[in-house]
Amino acid sequence: MIKVGLLGCGNVAHVIAKETEGFSIKACFDLMPRRAEEISKLTGAGSFSSFEEFIKEDLDIVVEAASVTAVHEFAREVLENGKDIVILSVGALADPGLKNELKDTAKRTGRKIYIPSGAIMGLDNLKIGRISNISKLLLRTTKNPRSLGIETDKKTMVFSGRADECIRQFPKNINVAIALELATGHDVEVELWADPDLQRNTHEIIVEGDFGNFYLKIENKPCPDNPATSYLAALSIITLLRNLEEPIKIGT
Ligand SMILES: NC(=O)C1=CN([C@@H]2O[C@H](COP(=O)(O)OP(=O)(O)OC[C@H]3O[C@@H](n4cnc5c(N)ncnc54)[C@H](O)[C@@H]3O)[C@@H](O)[C@H]2O)C=CC1
Ligand SMILES: O=C([O-])CC(=O)C(=O)O
């Protein structure tokens, strides 16, 4: 069975820890030791407050569900220590230097970097953007202002522009834009809206290209402990882990 280490033991990690069919959580690490201990109680995994100790454990894959900063700090070391990595805070890869460094390290060490679909659908087939022209790629994300850490009493556009600039300003809220860029190989135009009447994290994806047109709107239920994060993001990681050993691979 696949041996998993959790890097970041917050809201997503707690959802994963309750659905471990098909894999086994062996170790967990968090800046806040109490959070790692909570996961340890749920799963029997070893809890670590030192990354150096955590990464020495016998693990096949590390799931990062921590922060953009944690990816900068630890992702390379995960690969250097012979483990694959799932990166949920994929906004970190908006930094081309880090992206290339991780890619080179994965090639050299023979490890894999997995970017889950996270809080959106349709990411798999949007990879066709790397072989076929895409003329428009827009992500419109709308969240409750409390998820964005702002206050407003009416629907307001809080950002319009490039994905890399948006993730710099909102590192906990727009990782999906960078996942879209990596999938398609194209820049994503981002609109970020705050709507006090909205209780669901809504992502609209508008694509036009040689293949035709695509429009997707997803209305995600937020996780109870972190309204900025959609429940779907945690489900997406559980699915990715379960599928690793499946003989039939579904989706592009
Ligand atoms: N790609 C996607 O579609 C999505 C990505 N995300 C991202 O996934 C990540 C996890 O989300 P949640 O579980 O909701 O967050 P959370 O805030 O509930 O939990 C994160 C945990 O990681 C720990 N942590 C943060 N930085 C750390 C570091 N440098 N070293 C060690 N521990 C660290 C925190 O102490 C906390 O316990 C966030 O970065 C979030 O923005 C969330 C939803 C969708
Ligand atoms: O969970 C969501 O709806 C999306 C999110 O936070 C992100 O992309 O960082």
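Any Cβ shown, glycine's included, is placed from N, Cα and C.
Those TrEMBL annotations? Automatic predictions, nothing curated.
According to TrEMBL, the features are:
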ACT_SITE  His203  active site
BINDING   Ala119, Asn175  NAD(+) binding site
DOMAIN    8-116  domain 'Aspartate/homoserine dehydrogenase NAD-binding'
DOMAIN    153-238  domain 'Aspartate dehydrogenase'
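The residue listed as 'active site' sits 8 Å from Ala119 (NAD(+) binding site), taking the Cα positions as reference. In three-state terms derived from DSSP, the residue listed as 'active site' belongs to an extended strand segment.
Residues Ala119, Asn175, taken from the recorded positions Ala119, Asn175, His203, are distinguished by a CB atom under 6 angstroms from ligand 1. Averaged over the domain 'Aspartate dehydrogenase' (153-238), the predicted model reaches a pLDDT of 96.
Shown in sequence order, Val68, Leu88, Ser89, Val90, Gly91, Gly118, Ala119, Ile167 are the residues of the chain, 6+ apart in sequence, with a C-beta less than 8 angstroms from the C-beta of Asn175 (NAD(+) binding site). Counted within 10 Å of its Cβ, the other Cβ atoms near Ala119 (NAD(+) binding site) come to 26, all protein chains included.
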